[in-house]
Amino acid sequence: MLFVRPSSPPPCLAAPPPPLTRPCPARRLLPCVAVAAATGQRGRRRGDDDYHATIRSLNSRGRHTPRKSLGQVRTRSARRKDNDRPVLGPFEVLIRLVSSPLFAQNYMLNSSVNEELVRVAGVGEGDVVLEIGPGTGSLTNVLIDAGATVVAIEKDPHMATLVQERFRSTDQLMVLQEDFTKCHIHSHLSSLLEKNRKESSPTYAKVVSNLPFNISTEVVKQLLPMGDVFSDVVLLLQDEAASRLADCSLRTPEYRPINIFVKFYSDPAYIIKVERTNFFPQPNVDAAIIRFRLKRSAEYPLVASSKSFFSMVNSAFNGKRKMLRKSLQHICPSVEIEAALITIGQPVTARPEELTMDDDL
């Protein structure tokens, strides 16, 4: 077990930031704060979420650098018994640890970010929350503290076991060692939600997750059409992806079929930016919190078939630089497309990125 405490930490590292209680304006920057060392007080969950607890969790089942290199890590406050062994501070320790090829995820070091995710989702007593990729369990801990029953889906068997062992004393956690993109969410949540209905508790689940950046779009596509199960989806995504999903202007290269998909199934909102330096290992990009309020099926735009509608949208964007009367002529004659464009007040030369979702309908 490795503890690294600087003797005189600079002010920005001396303590975790206070919980955020006020609504956050869009695109506000959440500052980088490395959470301070555990206080050693018993009975407090907060200490489990700090910088050292993350390292302890990752080291606990073999995800660490070789013992020889760890043996050279010492605090600046420790006395040096010889002049040959280096004395490293906490960030040097992080760099040494992250050099291990076993690290493939970005773990959250700042407990205030986890608290903000839970606050934005409005998680309270009795809520059923789906967490995708719990990692070391830092967000899981905040969710349980808020009174939620957490269903955590973890693909990595090592991390699934770690989270199970960490929370073995609570009955508020169910860990499923599965690939989220292949699991059956309805079957896993149905019994919990049915129990809530009988007890007059919340009848819709919520999703709160710090997602791996490389699967975020795939996960969003799977979650948003599930308004019959979830009321809110709150995710920590790559900042650029969150900005694009929440608010993408017409007539820009970033306007894509996914934007129409998101608007069809939800009301998205960009909440707050999170600097990359809050993660371990540090990614090359910043992150952001985004919230999707899912629509019920009765609130979906009126289309004959959602499958046919999105097939048409994808066809239109496959020839994005082409006029719609050209890119969709395999669906219906050009004259009919031109007539439809005139009906909605668009020129017959319109391109897909120039139309809103209502225009597409």
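Placed from the backbone N, Cα and C atoms, the Cβ positions cover glycine too.
Pulled from TrEMBL, these are the features on record:
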- Asn106, Met108, Gly133, Glu154, Asp179, Asn210: S-adenosyl-L-methionine binding site (BINDING)
- 113-296: domain 'Ribosomal RNA adenine methylase transferase N-terminal' (DOMAIN)
- 41-84: region 'Disordered' (REGION)
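All features noted in TrEMBL, drawn onto the structure.
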residue: Asn106; record: S-adenosyl-L-methionine binding site; contacts (Cβ under 8 Å, 6+ apart): Pro212, Phe213, Phe279, Phe280, Pro281, Gln282, Pro283
residue: Gly133; record: S-adenosyl-L-methionine binding site; contacts (Cβ under 8 Å, 6+ apart): Gln105, Ile153, Glu154, Lys155, Phe180, Ser209, Asn210, Leu211, Pro212
residue: Asp179; record: S-adenosyl-L-methionine binding site; contacts (Cβ under 8 Å, 6+ apart): Lys155
All-chain count of other Cβ atoms within 10 Å of Asn210 (S-adenosyl-L-methionine binding site):
25
Relative to the Cβ position of Glu154 (S-adenosyl-L-methionine binding site), how many further Cβ atoms are located within 10 Å?
25
Including all protein chains shown, what's the count of other C-beta atoms within 10 A of the C-beta of Met108 (S-adenosyl-L-methionine binding site)?
23
Longest CA-CA distance among Asn106, Met108, Gly133, Glu154, Asp179, Asn210, per record bound to S-adenosyl-L-methionine, angstrom:
21
